[in-house]
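S.K.: I grabbed these lines from Swiss-Prot:
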BINDING   T146, G167, D189, N237  S-adenosyl-L-methionine binding site
Amino acid sequence: MNSASACCWWRLALPIADELEESLIWKLTELGISRIAVQHVPEKAERTLLAWLPSSEWSESDRDQLMVNLRPLAEPFGLQLANPTWCEVADEDWSLNWKQHWQSDPVGQRLLILPAWLDLPQEYADRLVVRMDPGSAFGTGSHPSTRLCLEALEKNPPLGLRVADLGCGSGVLGFAALGFGARQVLAADTDSQAVCASRANAELNQLDLDRFRVVHGSVDALSAQLQGEVVDLLLCNILAPVIEALASSFDQLLSANGRCLLSGLLVDQAPRLQVVLEALGWRVNSLTVQGCWGLLDVSKR
């Protein structure tokens with residue numbers, strides 16, 4: 001490419017519905033693309049996914065193939081991806097300016113997700129602030145499934161409860177739970193990078209290591225951390241098939257009056273998951289919906 005020395009990157013700008021954000025970020029990361037940002041206006045349903053690709057490594061045919069790989073991710077939602085916009089940009093466009101695409105994000109009536117480098121906007125001064133570094137691309141609260149959990153925590157605060165967060169990602173649910181009154185959060189994720197991101201974000205929020213603990217693994221890792229004790233509330237914002245596969249082991253983590261907030265499921269997956277949970281002895285208290293996504297509030301019978 002003749003302009004490679006002057007223009008070091010291809011920048012992809014792709015308008016997306018909010019339902020697609022985490023799936024597309026996951027796919028880009030899986031393909032080895034780590035320079036990612038999401039530009040959006042808080043509480044709006046559409047945003048722009050941005051990605052920077054080395055121009056010397058991504059020919060036109062490679063970029064076309066990338067879109068071929070991304071388009072199927074929209075199909076389960078009954079959506080189609082918009083046409084991408086590609087432009088060549090200099091190196092400093094990524095290294096210096098990517099943070100400008102992230103903004104403070106109010107959630108519910110009381111919570112504010114604030115990128116770590118931004119000052120607290122005066123209009124949100126009375127909100128509970130959770131500071132996050134979104135550079136890890138593990139979710140910062142903008143996805144509907146995450147917002148459903150955050151809003152459920154606000155609606156029914158876990159005052160004095162011990163909470164477990166299975167599939168914690170960036171740690172945002174656990175931080176919010178502590179802000180809403182939980183006495184301790186034990187978190188786990190099978191992705192070691194997510195564990196590192198959670199620990200880094202815990203430091204940003206100046207959390208005591210005993211109040212927020214995160215380990216690599218799944219249910220067994222949480223159980224080992226508990227050392228025979230139990231939690232009062234389990235947060236689980238992961239895909240419905242994974243919830244279904246793990247549901248039989250939730251009982252070992254929870255107290256007799258324990259509850260689970262199960263998100264990450266599409267609304268049309270909820271009926272099957274409800275049947276599975278009821279067969280395992282759980283009572284489904286409610287289904288909350290946001291767009292195509294649902295959250296099940298379940299408890300022991």
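Cβ coordinates come from backbone N, Cα and C, glycine included.
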S.K.: Give the sequence-ordered list of residues that share a chain with D189 (S-adenosyl-L-methionine binding site), lie 6 or more positions from it, and have CB atoms under 8 Å from its CB.
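M.R.: The list for D189 (S-adenosyl-L-methionine binding site) reads G167, C168, G169, V195, S198, V214, H216, G217, given in order along the sequence.
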S.K.: If you count the C-beta atoms lying within 10 Å of each candidate's C-beta, which of the binding-site residues T146, G167, N237 ends up with the smallest number?
M.R.: G167
